[in-house]
């Protein structure tokens, strides 16, 4: 744990890996961009207490893609936890990551003052998200069991419009149910998402909603139709403090260029 009780979290999201390390998504070799991101993070030499991977780790449902993800994550000394995105195949994801020693835990008590809860918003076979009744009930049970802990809530799909109409039709469909479930629990001040392949920092009824760039392809903000961005892949650092406050920074690759096929109309 970092100085003064500070907890440092690294978020990696939307790696979209394939069984073959030479495969590309929309013009970008996702394995090479993932490796470049990991190398850049290691070069920063920041202390890290936990890595969180917020979905769409594989593009092709293969066990090999998850093995490649684990190969990259093994370069960090910190433990890793994960949740599924709409592109993930959970049977292969669970078994391959567990075999690699990556925990399937969805509740992490970290330090004396914080817990991290990971929700499964996947609706298999479709791009939008939804939280099941079980997930919402589980969330309330975890919050009730540790009301003294500040809580960082993770899910793949964004509950609040991102300002891209083509993406927002694939958001969390029952965001109102999540909002209602959280009203009684003020210890949840921040939600952390993936899915939208861009940086976002919004207020959601008094809570902070953060979204983070992909390690590969980036989606251009404020576009009505599918549009790729030429900005570089990225990741997010979060520092959690004993008083419940949080600071965060998005970092991006420098000095190397991953060029997407900007003529692409979807994937």
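In case you wondered, yes, glycine gets a Cβ from its N, Cα and C as well.
Note: residue 197 (Fe cation 1 binding site) has non-local neighbours 14, 213, 214, 217, 218, 219, i.e. same-chain residues 6+ apart with C-beta under 8 A of its own C-beta. Residue 197 (Fe cation 1 binding site) falls within neither a helix nor a strand when secondary structure is assigned with DSSP, and so counts as coil. Positions annotated as Fe cation 1 binding site by TrEMBL: 14, 16, 56, 197.
What TrEMBL records for 16, 56, 86, 87, 197 is AMP binding site. The local packing around residue 87 (AMP binding site), expressed as other Cβ atoms within 10 Å of its Cβ over all shown chains, amounts to 20.
Cβ neighbours of residue 195 (Fe cation 2 binding site) (same chain, under 8 Å, six or more residues apart in sequence): 13, 14, 54, 55, 56, 85, 86, 129, 156, 157, 158, 167, 170, 211. The Fe cation 2 binding site annotation in TrEMBL covers 56, 86, 156, 195.
Here TrEMBL flags 7-198 as domain 'Calcineurin-like phosphoesterase'.
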Mean per-residue pLDDT computed across the domain 'Calcineurin-like phosphoesterase' (7-198):
97
Excluding 16, 56, 86, 87, 197 themselves, which residues in that chain have a Cβ inside 8 Å of the centre of the Cβ atoms defining the AMP site?
14, 55, 59, 85, 88, 194, 195, 214
Using only the residues recorded as binding AMP (16, 56, 86, 87, 197), report the maximum Cα-Cα distance in Å, whole number please.
13
Count the other Cβ atoms sitting within 10 Å of the Cβ of residue 14 (Fe cation 1 binding site), across every protein chain shown.
28
